[in-house]
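Asks: Got a structure for you, questions after.
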Ligand SMILES: O=C(O)C1=C[C@@H](OP(=O)(O)O)[C@@H](O)[C@H](O)C1
Ligand SMILES: C=C(OP(=O)(O)O)C(=O)O
């Protein structure tokens, strides 16, 4: 529990570097482990979710050394893992669970997979169903959740799969199985989801093709260890971007943020809301990077629809907070995926922001946020809960910046999942 005093008097100022991208850090470990030779990872995210992925590969016999944000993986090749002695613990991480169900679906031994109480409620049948079609043998609970067992299996077959949900985790699970399958695997995506798996496979020397929403992969040859520079995480940067826009008298720059076009929805949506965001691109051979500068600005409400969701899915809680300050209503539809994240993020966004006087209605597939509501607390200190969800914990902390009256955060330790030092980094730009 932590008590936050209200609004910084002189706003937010300065430059900030947020930690490495969570999605890319997971994938760098995975490709490093299945490649041959050494992979060096720079600006690696040392958060709970990614550390669970790391511990899993160590349990499979992969040598991984971490010194701060630098990681060295000695690749084993995908056929040389050793049987783990205990269950593989996915912690709170949907990405670890779903991607590893695909990646580990052709191993010569059984593996138990477990997760924390939030993860054990999240739907895994969305990966189980396509992986079973390919020949994987995986047991889950009757509800299609963890705990489960990835059974020993020596045969996977390619297939054509039309994605029923826009999900990079489902797509990646199928690709990571497809690269070990006989024959071709083709995935048809109605809406593009983040493409970090496809990009990283190519960086490691693999072959994959993407054309008109069809992604095709075949059995891969030997992948070679690489040097991976992880961009700073746009999902973490989003909390500072919105904080800079809505906190009076602010101007901040977030440095070297990943602006992959399948991830930059938060920038596009905030621009549609009227924000001027300066994006200074930084030349690089890997994932695109930019310094992002924002200052306090008036925003207006917009309609966010299904096509907008995949590239901004984790940023919708903080966009909802921005919308409470915008002129007019913001309507979010087609976002039912929010209901199956670490919490039901439609319910938790509405419950926590409503405690501060925001006017938000939950809808089955989104929210209606009525704008221009000053956030205030009538009590001495309003208690905002994270419900164990890191993104809700950080949204609450940013809301406290513009709340009249004190806010007490409960469950703020959930930030460890993606951004352990969020509160101290936020304090650095507060004046
Ligand atoms: O592939 C990934 O790294 C992720 C994909 C998204 O999940 P879905 O694929 O379930 O939408 C996102 O919410 C998650 O934080 C990370
Ligand atoms: C949904 C998230 O992650 P995951 O699915 O990996 O738990 C997130 O980081 O907001």
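Using the three backbone atoms N, Cα and C, a Cβ is placed for every residue, glycine included.
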Asks: Given that TrEMBL lists 22, 23, 27, 167, 169, 314 as binding 3-phosphoshikimate, which residue among 3, 190, 341 does it place in the same site?
Replies: 341
Asks: Restricting to the chain of residue 23 (3-phosphoshikimate binding site) and a gap of 6 or more, list residues whose Cβ falls under 8 Å of its Cβ, or answer none.
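Replies: Looking at Cβ-Cβ distances below 8 Å from residue 23 (3-phosphoshikimate binding site), excluding near sequence neighbours, one finds 95, 168, 194, 196, 263.
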Asks: Cα of residue 167 (3-phosphoshikimate binding site) to Cα of residue 22 (phosphoenolpyruvate binding site): how many Å, rounded?
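Replies: Residue 167 (3-phosphoshikimate binding site) to residue 22 (phosphoenolpyruvate binding site), Cα-Cα distance: 16 Å.
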Asks: Taking all residues of the domain 'Enolpyruvate transferase' (9-426) together, what is their mean pLDDT?
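Replies: Taking every residue of the domain 'Enolpyruvate transferase' (9-426) together, the mean pLDDT is 97.
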Asks: 3-phosphoshikimate site residues 22, 23, 27, 167, 169, 314, 341: biggest Cα-Cα distance, Å?
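Replies: Between the most distant Cα atoms of the 3-phosphoshikimate site, 19 Å.
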Asks: Which Cβ among the binding-site residues (22, 27, 341) has the fewest C-beta neighbours inside 10 Å?
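Replies: Looking at the binding-site residues 22, 27, 341, the Cβ with the fewest others within 10 Å is that of 341.
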Asks: Among all chains shown, work out which of the binding-site residues 122, 345, 391 has the most CB atoms within 10 A of its CB.
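Replies: Most Cβ neighbours within 10 Å: 391.
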